[in-house]
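A short worksheet on the structure shown next.
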Amino acid sequence: MPISRSRALIAFRGECCSRTPGALAATFADRTKTLLICLGALASGANRCSTDTNCANASSLARSAAAGCDDRGTSRREYRPETSPPAAHDRRGGLGDGPSVGGLRCSGRSSVTSSSRHPLRWTRASLVVLALLALIVAPGTIFAVAAEPGSDLAPVRGLRRLAETPSGGGVEYLQRAKLTANDGAFDDQFGRIVSIDGDTMVIGAHTDDDKGSNSGSAYVFTRDTAGDLASNWTQVAKLTAADGAADDRFGDRVSIDGDTMVIGAYKDDDKGSGSGSAYVFTRDTAGDLASNWTQVAKLTAGDGAANDLFGGSVSIDGDTMVIGTYRDNDKGFDSGSAYVFTRDTAGDLASNWTQVAKLTAADGAAYDYFGYSVSIDGDTMVIGAYRDDDKGSWSGSAYVFTRDTAGDLASNWTQVAKLTAADGAANDLFGYSVSIDGDTMVIGAYQDDDKGSWSGSAYVFTRDTAGDLASGWTQVAKLTAGDGAADDRFGYSVSIDGDTMVIGTYTDDDKGSGSGSAYVFTRDTAGDLASNWTQVAKLTAADGAANDYFGYSVSIDGDTMVIGAYKDDDKGSYSGSAYVFTLPSPCDASSPPANGAVGNCTSSLSSGSSCTPSCDSSYALSGTRSCSNGTLTDTAACTAKPSSPTKSPSEKFKEAEEKALKTRDAMLDGVTDARLKKKAKVLADAAISGKKVRKMVAKLSAANKDKACSDYYTKAGLSSSLGACIATAASRRRALTATTYDVSIFFSEAEIDEAAMTAAENSLKAEGVTGVATTNGIDPIDELKTIDGVSSSALETFKTDAAAAASLAPPSPPPPPVSSPPPPPPPSPPPKLVVDDDDAAHAPRDILGALLLACVSLLLY
């Protein structure tokens, strides 16, 4: 869109945005010169800003920022660069066309003839001063324009993008293996479908011909060492249907969970040509990776018929499986359906399987292909209908069903949602592929065209309330490949596990036309259903070549994913292969070092991570442990700490005293009255030194509290630096000149002894002060409890720390002798009341000077 429709906001830092980089001022000196000239002109009366090029350079931005103008000369907070010189601008002002550098001009209006039109002149002049200061303090800082997305402002001279969608990378996935069938041959199409669970995967080869042309087979591979991401994978079985026959297409769809797998044969003809079937295989010994697999059941639809294609999609979780029959015609020709089967005895691998439900879309119609894709997890399943037409012909949809009673294998299943893409359109094929895990599902739409015709996309939906089977589902993301292009077919295959998903793009051409790729996305915040998803990797086969169709099928479990390339030709054209990718291997860092413990180290330290063991109290840690693709580098060791020298009694006291003083300060934070805070400090310091407190009271008449305390110290012959004085009015009645105050002085025993207290008491009485009395041996902690603002919890902590310090306090020397304060200075003589001879002469002269200065100021303004 043209720049004139794009708003460019003024900001400090960065560089300029311009469609013509050459229009920028060539040097910093030019920018500075123009900035000063224009700001000076604006301060002198210019009230309009303009540019005669499309360059929003540093000077023009500074000018606009200072004047608050836009390209139309309007006072605004935004600057709007234009694609051509603003010819409509009136350039006839008193400044003429004004100076121009790098396409910038400063101009005024012809009507601007008087400073009365510019009440902000001095404000503008102030801006000049501020601009000069800014240039002096930070000469390298210039202005920048941050344009709205979609504008055609071209970044120049190092402008940093404010946001950018990642196009891949960020997480390293390693290709661990390339798998082919031991007996692979021409056109077997090994890898057309894949499924992985734990350390076992099954790979379909639906046009293998062991039992006739295109009878089909499936291959089982297991990891040589369970749980070891770096381990090899070995073919342990080749499966065929016990009654397999030509053109059954056994292995066109496969799904595995634990020790059970289901394999579709959508063109089997038990109930008519193309009626279809599915076969259940279980491991002979549960959990034994080397064990054989045995067919335990052959499933067909209870109402199966010719051309239903039962087994065209399959998915299993635990004791429940769902099998798609996308050309069933209960709701019209090719409307589609899906069948639910459960194990008769939960967990029993040898048990039979029984059909418990047949599902159709509530609004099913002819040609919807409901059941073309299916996926189940727990008590929830998603079923794709990629030819549904709610948002246009073949726009597609997906249906969510949940079990009425969670965990009850005999329970009914109910449709709880119908999902469509928020931006769905004709021929997107939303629902062609589906995958669900927990409260999150991903749905492919490989003919979506956001990045070109058939570039493809995938949509992420999450449950509104986690774990609530009756809850709705909401689209939270639409994913496309960072480098997506026309005919990539991103979203043709999808698979999700936890916070990671893999999406196939089998006609991507990074390694030749139709070589294929797969993209890995992860949730930004693990477990957060509302979180964004970010592309972290793009995978291609190490030996990828044109027309391999890598990414035609994908499956992920944990940190391992398998990706099919059914047109690979290692064992003949279209013989097929599958590739295994994993995250780099973790390391076992859980063994504690000598004289230490494991700390934050674990048995599965991620590759690229480090951890720190902990050491026993008398040992210090040196070094760390780090993991690199299964290799642990361990330099962590616990070495004995050097024995610390024995602290002297004074050092121990100093340490305890510092701790108590910190606690004291924290305790006194809540005391707001200054005299009360001083009293509390005297009490606290006495407690820290292990001393009691002395208190003297008296009644004095004074103008205020401060004078009452001052008179006390003077008449007692004591320095005001001793103790803390609290004066309280003895009566609410206030005399004209004085009030009687109850004065209380608190001293630490470390400040003053009994003899000095007695002398002070006698001195007060000799001065005629009444109510004089002395109390010794006051507990400072008890007295602290009476002060407002001292919290009980803080006081208890202080009490403990003060007692610890007091127990280590050295014997105190006797208090220093108390000296009398110096006598007050003699009173000042009364002021003279005679007027000097020249007083009357000075006053008019001063007034005249002030008036003259005011007049000059007004003239200058």
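Placed from the backbone N, Cα and C atoms, the Cβ positions cover glycine too.
Annotated compositional bias 'Basic and acidic residues' per TrEMBL: 69-81, in sequence order.
Marked as compositional bias 'Low complexity' by TrEMBL: 102-115.
Annotation source TrEMBL lists compositional bias 'Pro residues' at 810-832.
Annotation source TrEMBL lists region 'Disordered' at 69-115 (among others).
Here TrEMBL flags 638-657 (among others) as region 'Disordered'. The DSSP breakdown of the region 'Disordered' (638-657), given as helix, strand and coil counts, is 9 helix, 3 strand, 8 coil.
Residues annotated as region 'Disordered' in TrEMBL: 803-840 (among others).
The repeat 'FG-GAP' annotation in TrEMBL covers 355-410. Mean model confidence of the repeat 'FG-GAP' (355-410) amounts to 98 (pLDDT, 0 to 100 scale).
The transmembrane segment annotation in TrEMBL covers 127-147.
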Long-range environment of the region 'Disordered' (638-657) - Cβ separation under 8 angstroms, sequence gap at least 6: 593-596, 613, 615-616, 618-622, 688, 801, 804-805, 808-810
Residues in the repeat 'FG-GAP' (355-410) grouped by DSSP into helix, strand and remaining coil: 0 helix, 27 strand, 29 coil
